[in-house]
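As given in Swiss-Prot:
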ACT_SITE  Glu101  active site, nucleophile
ACT_SITE  Glu194  active site, proton donor
DOMAIN    17-207  domain 'GH11'
SIGNAL    1-16  signal peptide
Amino acid sequence: MKVTAAFAGLLATTLAAPATELVTRSINYVQNYNGNLGAFSYNEGAGTFSMYWQQGVSNDFVVGLGRSTGSSNPITYSASYSASGGSYLAVYGWVNSPQAEYHVVEAYGNYNPCSSGSATNLGTVSSDGGTYQVCTDTRVNQPSITGTSTFTQFFSVRQGSRTSGTVTIANHFNFWAKHGFGNSNFNYQVVAVEAWSGTGTASVTVSA
């Protein structure tokens with residue numbers, strides 16, 4: 001193929017696209033479930049969001065930025081996160097069929113979901129320089145992406161929290177797949193903050 005000067009210039013421009021444009025291309029979904037409870041604010045183009053919540057938060061909220069269709073590609077983030085009650089900083093998403101909700105919990109307040117009496121512990125998985133406790137739980141007739149339904153939750157909870165890094169989510173998907181996770185037909189996938197009690201603040205940048 002003959003490469004014209006105009007095409008070469010376009011190619012060079014594409015290859016040298018600034019980081020903010022790359023963020024815009026990879027981030028195309030805003031998760032905002034009850035975000036008003038956490039004073040949620042965001043800049044989708046810059047890949048940033050923040051929130052704070054106070055004692056007496058009246059309901060669960062889940063907010064974040066990411067992909068409208070999830071994948072097994074790594075996700076990189078950096079955050080300032082502090083929480084005193086029930087809260088997660090996590091890669092969060094859904095699979096359509098079989099319907100499942102998932103969390104790769106990087107940090108949490110005072111509640112580890114794998115410590116729940118209803119959780120089924122599946123062992124550990126090593127990823128990204130750390131060890132994650134893995135468990136599942138079943139939600140019966142609870143809110144979901146299709147309304148009210150019964151579905152499985154998959155959790156990987158990092159032992160020794162972190163608030164920045166790359167999540168090689170394929171490692172978690174592959175482990176979960178041994179226990180019924182669909183590992184395909186993804187719905188949205190975000191870096192999220194969820195909270196339902198206590199107080200906290202978070203400021204997050206998602207870069208991939």
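Cβ coordinates are placed from backbone N, Cα and C, and glycine is handled just like the others.
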* Output the one of Glu101, Glu194 that, of all these active-site residues, has the highest number of other Cβ atoms within 10 Å of its Cβ. => Glu194
* To do: Express the distance between the Cα positions of Glu101 (active site, nucleophile) and Glu194 (active site, proton donor) as a whole number of Å.
  => 13
* **DSSP-derived class (H/G/I helix, E/B strand, else coil) of Glu101 (active site, nucleophile)** => strand
